[in-house]
């Protein structure tokens with residue numbers, strides 16, 4: 001039995017009379033086609049996204065042969081299901097859950113033990129003060145406009161930065177937003193918008209990081225790093241105090257052969273883990289977190305001082321550009337000169353006070 005084209009829910013004919021279900025199916029078809037183009041340039045770290053995107057593409061082609069009563073509900077069920085291709089609260093919930101778990105352990109065990117050992121009250125309350133500041137930065141970073149380029153502000157944002165001719169070419173249009181891309185902008189495939197001075201899309205705050213919320217992201221990253229380091233220092237100080245008070249370093253134990261052995265670091269850590277398992281596990285987690293966040297915080301500080309974004313840093317290396325001349329000749333490699341850098345102080349100032357069109361016109 002043949003199906004009439006008018007009954008096809010994804011048919012482009014007579015768009016005004018389409019039902020909500022038909023609009024949903026048409027939206028999904030366009031989404032799948034854009035995902036199909038995106039999967040061609042994805043790298044290894046997005047392999048999960050590739051697999052999910054390919055599955056949706058193949059399944060979307062099968063949907064075209066289904067009648068309206070079957071295709072529309074399936075389209076609605078698939079919409080926004082992939083946290084790797086679309087904007088999702090999955091990592092935000094995970095972020096909050098990890099913070100709750102760490103602070104629950106700190107409040108339940110570390111704080112009372114440290115209070116009994118007469119730690120200073122302000123030191124014990126410092127993680128909570130840092131948490132309040134981090135939550136404020138988190139909310140600002142996730143809710144603030146990163147610099148979404150619209151029809152109304154497109155003309156003004158085109159005047160902010162000049163095209164360098166290497167990473168950003170004049171006349172390049174965004175096929176999704178149907179606008180000419182301003183210099184240093186990029187289309188975010190998660191939020192489906194073009195962002196002014198695009199840095200990256202942060203899944204932890206579920207928002208793009210651009211010109212207008214980069215300062216909030218910097219403070220968020222800094223407070224999160226200091227918070228993890230503070231909890232690690234307090235917890236480590238408590239365990240060291242326990243070792244000193246029990247004179248554990250000068251003790252001994254009987255090994256499997258019945259020989260008396262002096263206490264070693266490995267045995268000491270094992271004993272502390274068996275005595276305070278949750279505290280030692282939390283300490284290991286926050287130490288690892290401090291190292292990772294500290295390294296990323298230093299990287300972001302380097303980008304800020306050199307007036308680069310993460311997108312530009314990766315783009316210059318992916319396209320074969322180098323910031324310094326290379327000793328070995330290479331046909332594709334060229335020396336990239338960052339025309340946006342104005343010195344460390346002015347570069348850092350630009351993060352906290354993004355340039356506007358009025359300031360640009362006054363300088364010229």
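The first residue you see is number 1, and the count goes up from there.
Here the Cβ of each residue, glycine as well, is placed from N, Cα and C on the backbone.
TrEMBL annotations: computationally assigned, not manually curated.
Taken verbatim from TrEMBL:
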{"type": "DOMAIN", "residues": "173-316", "note": "domain 'Palmitoyltransferase DHHC'"}
{"type": "TRANSMEM", "residues": "120-141", "note": "transmembrane segment"}
{"type": "TRANSMEM", "residues": "217-244", "note": "transmembrane segment"}
{"type": "TRANSMEM", "residues": "279-305", "note": "transmembrane segment"}
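Residue counts of the domain 'Palmitoyltransferase DHHC' (173-316) by helix, strand and coil are 82 helix, 22 strand, 40 coil (DSSP-based). Residues 99, 103, 106, 111, 114, 202, 205, 207, 209, 213, 216-217, 219-220, 223-224, 226-227, 230-231, 234 of the same chain sit 6 or more residues outside the transmembrane segment (120-141) yet have a Cβ under 8 Å from a Cβ within it.
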